[in-house]
């Protein structure tokens, strides 16, 4: 079986640049996921983020999660749970405006560390978007500019912990879905696994690696690339032992950004005969639809947006 794509970003600076770019392109076309090493974020920064995130969970969130589990009677379930996930989360919004000062449970050291980490992730996300542009034959910054609404992009981090689960066969850590947004950068636990992606009808483990960043593509990049790159179904399997940490940072279009296939990637004949596979829409409209259909296939969402495009009153 094919190996999960691992990209060494340092190789972009030397004789292996062409081969590395080809590897990124293949990962985007055939996996929708890849894992970065030597990505430029210092290991000591990642170690500090991990230490403080795990400490925050133990101090502020672990007991709340135990109380929620007890309240819902989840430890004694006998049938599959399909309406919730075995995860404890909070969300840090970075752009267009930050909420990090408003979250009550974070101490000042954690806030400052996460502000620094966010800047590094934002820079990396934009560098990756430019690499995708290069592979796609689009002008530099095309994707970044497409993501810019009137207030810039949306960027935020979902901080998740997946505690030990007594019934991992009946409760998912996170149910299968594709991500709605643009490009997602994941800093995950290297000791407790659980993330899987769907490839060729099989669930494949995303290997946990120390100090790596896992990258996956969201629905918006599938639309903009006219299907050349794909968003892929993925899930988190709950584990009986160990608490898994996950920080998923979503670099998404701004709410009023207009999303549609890049003209350079659209077949002219299909365009002339109005046989477009992908719709044109405002990102916020897609997110409103996604909120109710997250754990379903993406194709009906695209079709619903096409219907809205042709008859907005019918969907309103």
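Including glycine, each Cβ sits where the backbone N, Cα and C put it.
Within 211, 234, the residue that Swiss-Prot lists together with 177, 179 for binding Fe cation is 234. For residue 179 (Fe cation binding site), the same-chain residues that are 6 or more apart in sequence and have a Cβ closer than 8 Å to its Cβ are 216, 217, 218, 219, 231, 250.
Counting other CB atoms no more than 10 Å from each candidate's CB, the binding-site residues 177, 234 peak at 234. Summarised by DSSP class, the composition of the domain 'Fe2OG dioxygenase' (153-253) is 6 helix, 45 strand, 50 coil. Apart from 177, 179, 234, the residues listed for Fe cation, the same chain places the Cβ atoms of 176, 178, 216, 218, 231, 232, 233, 235 within 8 Å of the centroid of those Cβ atoms.
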